[in-house]
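Below: the structure, in structure tokens.
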Amino acid sequence: MHHFHYHKRELYAEEVPVARIVEEVGTPVYIYSAATLRRHFRVFREAFSGIPHLLCYSVKANSNLAVLALLAREGSGADIVSGGELYRALRAGIPPEKIVFSGVGKTEKEMEEALSAGILMFNVESLGELEALSRVARRLGRKAPLAIRVNPDVDPRTHPYISTGLKKNKFGLPEGLAFQAYLRAKEDPYLEPVGVDCHIGSQLTEISPFVEALRRLKTLYLRLREEGLPLRYLDLGGGLGIVYGEEEPPPPREYAEALLREMRDLPETTLILEPGRVIAGNAGILVTRVLYVKHHPPTEENPEGRTFVIVDAGMNDLIRPTLYQAYHRIQPIRETLEGETLVADVVGPICESGDFLARERRLPAVRPGELLAVMSAGAYGFVMSSNYNSRPRAAEVLVDGARFFVVRKRETYEDLVRLEEIPEF
Ligand code: LLP
């Protein structure tokens with residue numbers, strides 16, 4: 001469910017015509033819907049209302065301050081993976097006691113910042129990191145609350161680049177080593193094990209891998225409690241998939257019901273979830289303008305020839321199609337009636353053959369100057385963008401009902417070189 005819809009054949013973000021935003025802000029532009037973000041968060045929260053739980057929105061999915069502030073007001077916590085994300089989360093008003101810190105490569109400086117801020121817990125991913133956390137805690141004279149991230153070796157059946165809970169992935173510790181790490185932490189006056197954590201992957205469209213992972217986590221959790229560790233958090237990470245095209249991910253309610261069943265026999269335990277994409281993915285679109293349409297004549301290999309719709313957003317703006325062969329729906333801002341179509345590669349201006357937003361896609365017969373919306377771009381869109389080819393990054397706009405706000409200005413050429421200096425050779 002999202003609030004991008006056609007009214008009189010024109011695409012609206014909530015009550016605002018997308019074309020009006022473009023008139024003011026230009027293209028490419030990311031547009032987010034506040035109502036959609038709120039709705040997604042609330043649906044998720046209600047689905048888990050039957051048990052003690054904490055939703056820690058995964059900041060990496062979309063870390064714009066306005067998005068974080070909106071979710072903070074809904075009561076969200078944050079799953080962070082860097083000092084930068086900690087800074088953003090705190091700036092946006094997310095209470096530190098609702099922040100969990102994941103990631104395989106935390107530096108001591110980042111740990112220090114997070115510990116001083118008073119976060120809920122560190123999701124520790126290696127024995128080396130455990131030692132480092134202990135050193136940091138000793139230096140600051142405080143106890144570091146932690147969970148060990150377990151790698152449960154469960155196949156999430158998703159794209160290999162976004163699968164994280166398999167033995168061959170770099171994430172977490174296998175159960176045996178995790179157990180050792182807990183015993184080590186228990187003896188350390190500066191470490192306080194409070195939970196067990198895992199995250200098995202992203203864009204999952206089945207429930208069973210989550211249930212499987214939760215069962216394994218539970219077994220370890222109970223064993224550790226028997227050892228006298230006063231654990232109270234089970235963190236299952238994020239990963240619930242969304243509809244980009246034809247996938248049929250389970251709705252949050254079904255996902256929650258399956259997890260709640262597993263949680264029933266666990267007293268005094270808070271379930272932590274780190275949803276990212278499911279909150280932000282379908283709450284955002286990327287709007288781009290068609291610059292040129294060109295047709296390459298037929299070749300032996302390609303008897304039809306090939307049509308390219310060249311747009312002003314490239315892989316530097318949205319890298320998912322290039323990086324994961326991800327599918328994003330592409331829709332015109334003004335629906336045409338004629339029904340004339342073409343099959344084209346929608347490509348950006350970047351000097352790389354991998355710079356495409358869609359391949360061999362059937363589209364209305366677009367012309368230069370027309371606007372296209374790349375759908376489901378609210379998660380892992382802007383946050384993964386870059387300045388490659390010295391392209392200023394796109395503007396970000398948040399729509400709320402009949403109003404819209406530029407929540408990140410379009411970068412300027414000056415921004416591109418702001419931190420650079422020509423030395424006196
Ligand atoms: N927790 C941890 C520890 C994570 O690593 C992630 C995502 C999440 C939570 C949130 O997962 P979600 O609910 O969004 O699936 N750039 C890729 C996705 C990478 C996901 C990385 N970790 C993409 O565009 O598909």
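The backbone N, Cα and C atoms fix where each Cβ goes, and this holds for glycine too.
Per TrEMBL, domain 'Orn/DAP/Arg decarboxylase 2 C-terminal' is recorded for 33-378.
The feature domain 'Orn/DAP/Arg decarboxylase 2 N-terminal' is assigned by TrEMBL to 35-280.
The Cβ of K60 (N6-(pyridoxal phosphate)lysine) lies under 8 Å from the Cβ of D79, V81, E85, G276, Y380, V383, each of which sits 6+ residues away along the same chain. Under DSSP, K60 (N6-(pyridoxal phosphate)lysine) is assigned to a helix (H, G or I) in the three-state scheme. Residues or ranges marked as N6-(pyridoxal phosphate)lysine in TrEMBL: K60.
Feature annotation from TrEMBL assigns pyridoxal 5'-phosphate binding site to G239, E274, P275, G276, R277, Y380. Annotation for R277 (pyridoxal 5'-phosphate binding site): spatial neighbours S58, A61, S202, Q203, G238, L240, G241, I242, A379, Y380, criterion Cβ-Cβ under 8 Å with sequence separation of six or more.
The substrate binding site annotation in TrEMBL covers R277, R320, Y324, E352, Y380. In the shown protein chains, 20 other C-beta atoms lie within 10 A of the C-beta of R320 (substrate binding site). Classification of R320 (substrate binding site) by DSSP places it within a helix.
Rounded to a whole number, the C-alpha distance linking E274 (pyridoxal 5'-phosphate binding site) with Y324 (substrate binding site) is 22 angstrom.
Across the annotated binding residues for pyridoxal 5'-phosphate (G239, E274, P275, G276, R277, Y380), the two most widely spaced Cα atoms sit 15 Å apart.
Closeness to ligand 1 is met by E274, R277, R320, these being the binding-site residues among E274, R277, R320, E352 whose Cβ falls under 6 Å from the molecule. It is 19 Å from the Cα atom of R320 (substrate binding site) to that of P275 (pyridoxal 5'-phosphate binding site).
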